[in-house]
């Protein structure tokens with residue numbers, strides 16, 4: 001029975017994200033193959049317009 005706290009140390013092995021070729025941010029997921037910031041590696045680019053302009057989250061809470 002070794003679930004829980006002792007197993008959490010196993011999660012920090014290796015890199016999950018590397019630098020994205022398109023936007024340059026450290027958001028490109030190696031396993032999934034796309035960038036979490038700009039969407040590089042997918043068919044469409046991720047657009048985050050209004051929330052970035054206003055500087056706060058937009059939508060239902």
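Heads up, the Cβ atoms here are built off N, Cα and C, so glycines get one too.
Here Swiss-Prot flags 20, 23, 35, 38 as Zn(2+) binding site, drawing on sequence analysis. Neighbour density for residue 23 (Zn(2+) binding site): within 10 A of its CB lie 16 other CB atoms from the protein chains shown. Secondary structure at residue 23 (Zn(2+) binding site), taken from DSSP and collapsed to helix, strand or coil, is coil.
Per Swiss-Prot, the feature zinc finger maps to 20-38; the stated evidence is sequence analysis.
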